[in-house]
Structure formats: structure tokens, C-alpha cells
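Visitor: Found this in Swiss-Prot, in case it helps:
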BINDING   Gly8, Arg11, Arg91, Arg137, Arg140  CTP binding site
BINDING   Gly8, Arg11, Arg91, Arg137, Arg140  ATP binding site
BINDING   Asp21, Asp23  Mg(2+) binding site
DOMAIN    228-329  domain 'HD'
Amino acid sequence: MKIYLVGGAVRDSLLNIDVKDKDWVVVGSTPQKMDSLGYQTVGQDFPVFLNPKTKEEYALARTERKSGQGYKGFTCYAEPDVTLEEDLLRRDLTINAIAQADNGELIDPYNGQQDIIDRTLRHVSDAFTEDPLRVLRVARFAARFHHLGFTVAPETMHLMKVLVDSGELSHLTAERVWQEWQKSLSSQHPEIFLSTLKECGALAIVLPELNALFGIPQPEKWHPEIDTGIHTLMVAQQAALLSQDLPTRFAAQVHDLGKGVTPESEWPSHKLHCHTGIKLIKRLCDRVRVPNDYRDLALLVCEHHSNIHRAAELRAQTFIKIFDKMDVWRKPERLAPILLCCQADHAGRLGLETQPYPQKKRFEAAFDAAKNVEVKDVVAAGFKGPEIREELSKRRIEAVKDKLNIK
């Protein structure tokens, strides 16, 4: 029985990245042997065990044979005669198929170290095409390691296209699609996840609402990049620069979905996209099972971003109406991420990335003034019932007028 450190821990140490999780592969053992050593069985689909002391995962070396459709359509063989090289062969990318022995020796039968040096994401074998989840995983790794210069090998991109054409991606569950998308949001370049899926054709299958944005024109006066899909990628990049918050990054990526259904006769204008996008975001979030906090923020950004961009033109009562709809009186923490998304939208335009966004400060100032109007003061003044809300709004409007010098 031999134990090796494998996968991401070996890869990240070679990239001088802090290793957070360690996975181990055990060669020459059995479930009975692992049980006798005190390891706890946790794997349902194949033999995986938790170390009783470290709680790290130890998996028996195994091979996989395609036996059905989708990423679960595999038959596993995990007997003691499975070699380390056979176990590494089933892995997705060469950079993830390096093992380390307890003496520090690296076992690298598929040249993963060279691909790390060359900054290349390359499949281990043609068995890559047996698992549709690997398309999303490669896109996520492309996003995660983009800042280090990694790109997808042309031959791997070809196999990703083969997988897409096979129809296998339709068997991915909503949970797995969201899991990979959500992980990509935490990378320095989440837009690369989307652009990689677009390049191989997978975006049209797993996230058709986003795919529909590519090729849709916008007014060149406001959007020198013209293409709404390109704009969306730029906004995703800007949001990642502005915020570490994942719901904020998600909302920025989907804020313009309504432009994908604008009638061609109305191009390049998209006057109703803030309205039409709401239905699309709801449908997308329901299908992919996006958490409610992500969904709620995305809907607010979609509905209000155009008005926020027009902050300099808004009347005081319009500010109050927007704040009412956002429910920021009860949930003031909502305002900051909404404004950050709008700032990312503003900056996600070709050649205008560093242009100031005074609208953000104007909205912040308006809210600071309005929130200082106290309900108790309105009640103390003798207002009752429905009069309270009406008077509260009036006082808030006056506060915004005074703060922003609106006549």
C-alpha cells in the first residue's frame, strides 16, 4: 500500500500558490484495509475515505470506463492492482495529473510539469471527451489561471468542441453548472470562463441567455465596443476589479440579458431591456438554481441600472421611488453592490474603462440625506395612518433636493 499526494495540491505548490486542500490517492489497498486503519468511508460513487486525524480525503486508485451518458455515466474499477499511472490517466488536465510521493519525488507520466512551465491547459488523454463536466472545468481553470498566462491548448479546445457537438452537455445537472460558474466568479478573470465557453460552443447550451448577447449591436456613441456580448465580458472584468463579492460579480454579468431579446427592428437601441431582462434573469436563476441573494441583487441591478446612469437628470422624487423599489430603507446594505455593478457597467466600454462615474456619489449622497428623515418625527408631528408614508416621502424628497441642490 502506497499513498501519494495528487491533483490541485501538487499543481498549486508548483505554481507557488498556497495549498488549501490536500487530496491523496492510495495504491494497493482495499476498502476493508482502509476501514481497519480507522479511515471513514464517505464516497458513494467510488471508494473515498477521510483520514481520522486530518479529515483529508484519501481515494483508492481507480480507473473509469464510460457506461452511460453525462458526467455520471461511468463504471469505476478500484481494485488493488490499479497503478498510480492508470489513476492519473483518467484525470482531466495534465497539470492535475501529477503525484508526489512521501519522499517528495514527483511522478509525472503525462508531462504536467512542462505544461505548467508552458502555461498550457492540456487534456491527459482522448478519454477527456467522455465527461461533459470537463468543458466547464477547463473554462474555470482558464479563468482561475489567466492572470498567470495560462491558455487552453488548441487540441484540447478541439476536444471541447467535440464534446459540445456530441450533445453530452445537455446531461449536466443544474447544480454542476452553477457550481462551476460560481467557482469561476471568485477568480481574477471571471470573464474568461464565459469567453472560453463561448469559444467552444458550450455557452449556447448551458447559458443561452448570455450567449444570445453576442452579435447584438448597441449604439456606438455610448458603446464603442458595439457588441453586447463583448460589453458583457468587459463588465464582468470590471466588476472583478471593483469587488470581491460574488453576488455583485454575478449581477454584473447578467445585467443586460434583456438586450438579447430586443427586436432586430429596434437595434441598436434597447429601450426596454431593463424590463425584459427581469424575466430572463428569473428564468436563468430558476433553471441553474442560483441562490436567492445572487438572484435578488441581479434583478435590482437589471431593473435600475439605466436610471442610475442618469443620476444627474433625475428629479428628487425619482430618487425616492427608486429607493422605495430597492427597499433600501430596510436593507441599506443593498445600495453599495448595486452601485458597484453600475460602475462596472459604465467602465465596461471600449476606451472608457477609466472614465469617472460621478453617478455613484450622487446616489450615495441622495440616500444619506433621505435616510436621515426619521419616521418618529413624522408621527410626532401628528400624522396618522396612510398620512405617515405620504409625509415621510415628502420630507425625504425635500432632503434630497437640499442635498443635491435640485430645484
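Residue numbering: from 1, along the chain as shown.
Cβ coordinates come from backbone N, Cα and C, glycine included.
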Visitor: Rank aside, I only need the closest one: which of the binding-site residues Gly8, Arg11, Arg137 has its C-alpha nearest to that of Asp21 (Mg(2+) binding site)?
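Guide: Nearest listed residue in space: Gly8.
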Visitor: Averaged over the domain 'HD' (228-329), what pLDDT does the predicted model reach?
Guide: 98
Visitor: Give me the count of other Cβ atoms within 10 A of the Cβ belonging to Arg137 (CTP binding site).
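Guide: Neighbour count, Cβ to Cβ under the 10 Å cut-off: 19.
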Visitor: Just going by other Cβ atoms within 10 Å, which of the binding-site residues Asp21, Asp23 has the emptiest spot?
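Guide: Taking Asp21, Asp23 as the binding-site residues, the minimal 10 Å Cβ count falls on Asp21.
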Visitor: Rounded to an integer, what is the Cα-Cα distance in Å between Arg91 (CTP binding site) and Asp23 (Mg(2+) binding site)?
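Guide: Each residue's Cα considered, Arg91 (CTP binding site) and Asp23 (Mg(2+) binding site) end up 13 Å apart.
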Visitor: Long-range neighbours only, meaning 6 or more apart in sequence with Cβ under 8 Å: which ones does Arg140 (CTP binding site) have?
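Guide: The answer is Glu180, Lys183, Ser184, Ser187, Phe193.
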Visitor: Using Cβ-Cβ distances, find the residues under 8 Å from Arg11 (CTP binding site) that belong to the same chain and are at least 6 apart in sequence, listing them in sequence order.
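Guide: Non-local contacts for Arg11 (CTP binding site): Ile95, Asn96, Ile98, Gly112, Ile116.
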Visitor: Using the recorded ATP site (Gly8, Arg11, Arg91, Arg137, Arg140) as reference, state which further residues of the same chain have their Cβ within 8 Å of the centre of those residues' Cβ atoms, listed in sequence order.
Guide: Gly7, Asp92, Leu93, Ile95, Asn96, Phe141
